[in-house]
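Some notes on the structure that comes next.
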Amino acid sequence: VAQKTVRWCTISNQEANKCSSFRENMSKAVKNGPLVSCVKKSSYLDCIKAIRDKEADAVTLDAGLVFEAGLAPYNLKPVVAEFYGQKDNPQTHYYAVAVVKKGSNFQWNQLQGKRSCHTGLGRSAGWIIPMGLLYDQLPEPRKPIEKAVASFFSSSCVPCADPVNFPKLCQQCAGKGAEKCACSNHEPYFGYAGAFNCLKEDAGDVAFVKHSTVLENLPDKADRDQYELLCRDNTRRPVDDYENCYLAQVPSHAVVARSVDGQEDSIWELLNQAQEHFGRDKSPDFQLFSSSHGKDLLFKDSANGFLKIPSKMDSSLYLGYQYVTALRNLREEISPDSSKNECKKVRWCAIGHEETQKCDAWSINSGGKIECVSAENTEDCIAKIVKGEADAMSLDGGYIYIAGKCGLVPVLAENYKTEGENCVNTPEKGYLAVAVVKKSSGPDLNWNNLKGKKSCHTAVDRTAGWNIPMGLLYNKINSCKFDQFFGEGCAPGSQRNSSLCALCIGSERAPGRECLANNHERYYGYTGAFRCLVEKGDVAFVKDQVVQQNTDGKNKDDWAKDLKQMDFELLCQNGAREPVDNAENCHLARAPNHAVVARDDKVTCVAEELLKQQAQFGRHVTDCSSSFCMFKSNTKDLLFRDDTQCLARVGKTTYESYLGADYITAVANLRKCSTSKLLEACTFHSAKNPRVETTT
């Protein structure tokens, strides 16, 4: 096999020199990994174009350029991130913060007329983030942005600004003569330390820096206590509490590649071997993370290593919603759609063809208050909401867990039992997850001997169909090999070649859609999993009402029209079997109701609009043939569960408190078995996931 070669793009003679010694040292050190070759261009933008045009394969970019590279026509994606800090707790981002002196009584929404200190024009923490987030408050016209900022603050020090055209942006700077406001250390208030000194020496009221700046400049805690952070929810917190009080997370520098045919595996293999041989303290011959010919060549000198970025992560998931919003606001041609407080419409995310049809009907009936965005599967929809391409959707608890890890929050819960006036103010305790079998199956089929049986699941990662039964099973067998435990099954969303796709039948109209986690697979969802039991399986993992909803003439489809409720039974955890209507005493676990999720900056808007929509198209509408009904679809649970009585307010909540500790534990056990690509991407920047964006 010919060795793969990764073509690295360089932007200066110094980088080209370091690259050629990288190339020589790698070919000596590594016998059969990928090789590196060097391509020279004159700027990052030229490198981005060269990678798109397949003249080069990789280059390291800062977060702002990762954003540019991800846009059309380049469409590059980040594939490897630099990390800073210790190996056992690698940091792949820093926090941009607003530092103020203790006792200066103003909040984030009262910055107008204050004096400001910035690291430099166009820099992430010092300019892009604070100005992008304050964009809505800036006076019109907002172009050029420097002019708007100059009239927003009373005076500033923004190194690199033009002192002739925007004298107020340089007024507070401390450089002498031509060096005042310079774009380098000749201006004493330049960079992180400079902007902090501008605040410290009382040339400004607020400094826009990164979370470590105060720690680095004031190692003594008593000195740090003289300062505070401004939080976006208009409170203040101590400077050490930056994880709960920051403006945005700025991800570290990343290596970008083409999204299609981008060599990402070779790039990772190359860099992973390179860090083994030439990383921190490895070899005197060549060092990846230091630059004898200059500073930050090819990689940042402060990096301590590389991490592979999950495949599902594109530039906007990597950069995060707050940072992308700030960048978008500041790009001249993209101004924000509407200011934060306006609520013109809710963009609903629909999965697959059937949901999209129902959503389109809803959109027309709502007079455009609901708009539809569609995706192929649930995870792609969640990703669209995270990125701000959609606003809301209703999810099963298993997906609420994933959405929560991605920073979304529950807004309204589906209620299934509560009817009438009070429904909207009383969220329920949850529904029951059960295991259903045919009564005709022998008595030896019970909860304790399911091995080798044929199983039917609503979908992988869903609550009643997967997380609860597989979580319980995992505790018993201590293994993730569920496909070897059951003989065959249909668990939509599994790997196509898995035995858990063997029973799936796909779509009537479009072959090749077997085992997809959407309505193209006829065995998908509650009704689908029950149909799988009826036609092929031994056990179905569903919710407690499914049998009642599809038997005794309630479902008119050919496969269901003659079914009787009495012909099915439930499996209890103690090994017994019970009639279907005794779920209260014979279930696997109580599952949290499905709920609508949104980004936290959209919570109020989504809740208000949906409560209006349900007042118009909710359960009280009797004739669904002539008017639109939110909670009706042909026994398919499209957009919402069909047995939803109303959407109920849940108050300000988090995904953890909504799902409850027991359920989180079940899912956390299964995390070891999880194949969710989105979950990998959303938890990449931090194992402990400090994405508590407080925007109200």
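Start at 1 and count along the chain as shown; that gives each residue its number.
Every residue, even glycine, has its Cβ placed from backbone N, Cα and C.
Listed features, source Swiss-Prot:
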- Asp62, Tyr94, Tyr192, His253: Fe(3+) 1 binding site (BINDING)
- Thr119, Arg123, Ala125, Gly126: hydrogencarbonate 1 binding site (BINDING)
- Asp396, Tyr431, Tyr526, His594: Fe(3+) 2 binding site (BINDING)
- Thr458, Arg462, Ala464, Gly465: hydrogencarbonate 2 binding site (BINDING)
- Cys9-Cys47: disulfide bond (DISULFID)
- Cys19-Cys38: disulfide bond (DISULFID)
- Cys117-Cys198: disulfide bond (DISULFID)
- Cys170-Cys183: disulfide bond (DISULFID)
- Cys343-Cys605: disulfide bond (DISULFID)
- Cys349-Cys381: disulfide bond (DISULFID)
- Cys423-Cys646: disulfide bond (DISULFID)
- Cys480-Cys673: disulfide bond (DISULFID)
- Cys490-Cys504: disulfide bond (DISULFID)
- Cys501-Cys515: disulfide bond (DISULFID)
- Cys572-Cys586: disulfide bond (DISULFID)
- Cys624-Cys629: disulfide bond (DISULFID)
- 6-332: domain 'Transferrin-like 1' (DOMAIN)
- 346-672: domain 'Transferrin-like 2' (DOMAIN)
- Asn25: N-linked glycosylation site (CARBOHYD)
- Asn497: N-linked glycosylation site (CARBOHYD)
- Arg23: dimethylated arginine (MOD_RES)
- Ser374: phosphoserine (MOD_RES)
- Ser674: phosphoserine (MOD_RES)
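What Swiss-Prot annotates, mapped onto the structure for a quick look.
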residue: Cys19; record: disulfide bond; contacts (Cβ under 8 Å, 6+ apart): Trp8, Thr10, Val36, Cys38, Leu298
residue: Cys47; record: disulfide bond; contacts (Cβ under 8 Å, 6+ apart): Cys9, Thr10, Ile11, Val39, Lys41, Ala56, Val59
residue: Ala125; record: hydrogencarbonate 1 binding site; contacts (Cβ under 8 Å, 6+ apart): Tyr94, Ala96, Val97, Thr119, Tyr192, Phe208, Val209, Lys210, Val250
residue: Cys198; record: disulfide bond; contacts (Cβ under 8 Å, 6+ apart): Cys117, Cys157, Gln172, Cys173, Ala174, Tyr189, Gly204, Ala207
residue: Cys490; record: disulfide bond; contacts (Cβ under 8 Å, 6+ apart): Ser455, Cys456, His457, Leu500, Cys501, Ala502, Leu503, Cys504, Ile505, Cys515, Glu521, Tyr523, Ala529, Cys532, Lys536, Gly537
residue: Asn497; record: N-linked glycosylation site; contacts (Cβ under 8 Å, 6+ apart): none
residue: Tyr526; record: Fe(3+) 2 binding site; contacts (Cβ under 8 Å, 6+ apart): Thr458, Ala464, Gly465, Val542, Lys543, Val546, Gln549, Asp637
residue: Cys673; record: disulfide bond; contacts (Cβ under 8 Å, 6+ apart): Met470, Tyr474, Cys480, Phe482
Taking the mean position of the Cβ atoms of Asp396, Tyr431, Tyr526, His594 as the Fe(3+) 2 site, which residues outside that list, in the same chain, have a Cβ no more than 8 Å away, listed in sequence order?
Gly397, Glu414, Thr458, Arg462, Thr463, Ala464, Lys543, Ala591, Asn593, Asp637, Arg641
Measuring Cα to Cα, how many Å separate Arg123 (hydrogencarbonate 1 binding site) from Cys605 (disulfide bond)?
32
Most crowded position, judged by CB atoms within 10 A, among Asp62, Asp396 as binding-site residues:
Asp396
Of the recorded positions Asn25, Cys183, His253, Cys423, Arg462, which one sits closest to Tyr431 (Fe(3+) 2 binding site) when you measure Cα to Cα?
Arg462
Near His594 (Fe(3+) 2 binding site), which residues of its own chain have a C-beta under 8 A away, given they sit six or more steps off in sequence?
Ser394, Leu395, Asp396, Gly397, Ile400, Ala413, Glu414, Phe640, Arg641, Thr644
Quick check: of the recorded positions listed here (Asp62, Cys170, Cys423), which one has the Cα closest to that of Arg462 (hydrogencarbonate 2 binding site)?
Cys423
For Cys38 (disulfide bond), what is the secondary structure state per DSSP, taken as helix, strand or coil?
strand
Hey, of Asn25, Gly126, Cys343, Ser374, which of those recorded positions are within 10 Å of Cys349 (disulfide bond), Cα to Cα?
Ser374
Same chain, 6+ residues apart, C-beta under 8 Å of the C-beta of Cys381 (disulfide bond), given in sequence order:
Cys349, Ala350, Ile351, Val373, Ala375, Ala390, Met393
Which residues, in sequence order, are found in the same chain with Cβ within 8 Å of the centroid defined by the Cβ atoms of Thr458, Arg462, Ala464, Gly465 at the hydrogencarbonate 2 site, excluding those residues themselves?
Asp396, Gly398, Ala433, His457, Ala459, Thr463, Trp466, Asn467, Gly525, Tyr526, Ala529, Phe541, Val542, Lys543
Please report how many Å separate the Cα atom of Ser374 (phosphoserine) from that of His253 (Fe(3+) 1 binding site), as a whole number.
32
Name the residue among the disulfide-bonded residues Cys183, Cys349, Cys605, Cys629, Cys646 whose Cβ has the smallest number of other Cβ atoms within 10 Å.
Cys183
For Cys515 (disulfide bond), the number of neighbouring Cβ atoms whose distance to its own Cβ is within 10 Å equals 26
Can you give me the residues near the recorded hydrogencarbonate 1 site, meaning same chain, not Thr119, Arg123, Ala125, Gly126 themselves, Cβ no more than 8 Å from the center of the site's Cβ atoms?
Ala96, His118, Gly120, Ser124, Trp127, Ile128, Gly191, Tyr192, Ala195, Phe208, Val209, Lys210
